Amino acid sequence: FGSTGVYRDLPFALLFALQLLSVVVIAVVNAVHVLFRSQSEDEVREEAGEDSLGSRSRQMVTMLAVAAAVAVALATGWLALLRAGARALIWIGAGGSCMLALANGIWLLVQGGAAGVALGLLSLLSCAGCVLFLLFNKHRVEFSVHLLTTVAELVHEYPATIYVAAAALLVQLAWMILWSWAVACTSQLHGELVVLALLGLSFCWTVQVIKAVVHATVAGTIGSWYFLSPNMPRDPTGRSFRRATTTSFGSLCLGALVAANLQMMRGAARSAARHFTGPVRACALCMLGFVDVLVRFFNEFAYTQVALYGKTFTRASRDS
């Protein structure tokens, strides 16, 4: 499980720490400028009945806290549903997809027209293909049921994975508050477009790193159960978390940086698409979206290789 003591892709871990420190510095420096400048402006806004920077910040923090609480409640309920009836959930999901395709096809046919008929027939063919897949691949569905049930039981058996996810949520909430404050203060100044762009990249990178650490921790726990049972080491989740945040942290930062850059490029392309039209723009958006999804898909396998075998990210990507 990669416990070699060698720090892999260390420069990217240092770069990640540097960008975190930079965001803190930007937040503090710009906050000082804005607060000294906006005290009189806030008084004018309050007299005019408008929201001040402080009141907007409090509203933002409240919304983030409510969103985090809702996320925790939904995640808890989802885990309870998985343990109670994974089989029913999978069959309901598969059957619901078939019914949705059938209803969509009928609705399109009723609308009439050449486009409606063509799209309706395609939707009905999709429904038929889904039904045939379920009929002839029932064993695959049963395997998925068994796999999902096992994972739900393992999460219940090793609740430390839930604690790590909850802690990651709190860290992400704190980061979003700090980052939002930095953006709010920077946007009050002039000529800071480059700083705002770098803050956007920092936000995407940090969120991706948090997700990667959680993914590697859970993958290490499940891998320990799969490969080492019944001789499981003590505290497999803690061991996996220590590897994810020490020797393998640089590799996770590198993978997260790749995903963050693609996410930023995709967002910039979507923003530019509002001002440009034509088939070239549509093709560019389609290709960029495809590459983004593909990289995130392979990143999950690469993170698992990093967690289990302690590989560098480039080697894990090649092996994936």
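The backbone N, Cα and C atoms fix where each Cβ goes, and this holds for glycine too.
Feature annotation from TrEMBL assigns transmembrane segment to 12-36, 61-82, 88-110, 117-136, 160-181, 193-226, 246-264, 276-298.
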Can at least 3 Cβ pairs under 8 A be found between the transmembrane segment (246-264) and the transmembrane segment (160-181), with each pair 6 or more apart in sequence?
no
For the transmembrane segment (117-136), the distant same-chain contacts (Cβ-Cβ under 8 Å, at least six residues beyond its ends) come to 94, 97-98, 101-102, 104-109, 111
Within the same chain, the residues 6 or more beyond the ends of the transmembrane segment (160-181) and with Cβ under 8 Å of it are 23-24, 27, 31, 57, 60-61, 64-65, 68, 71-72, 75, 79, 199, 202-203, 206-207, 210-211, 213-214, 217-218, 221, 235, 237-238, 241
Near the transmembrane segment (193-226) in space but 6 or more residues beyond its ends, with Cβ under 8 Å, are 1, 16, 19-20, 22-23, 26, 151, 154, 158, 160-161, 164-165, 168, 171-172, 175-176, 179, 182-183, 186-187, 232-233, 236-237, 239-241, 243-245, 248-249, 252-253, 255-257, 259-261, 263-264, 267, 299-300, 303-304, 306-308
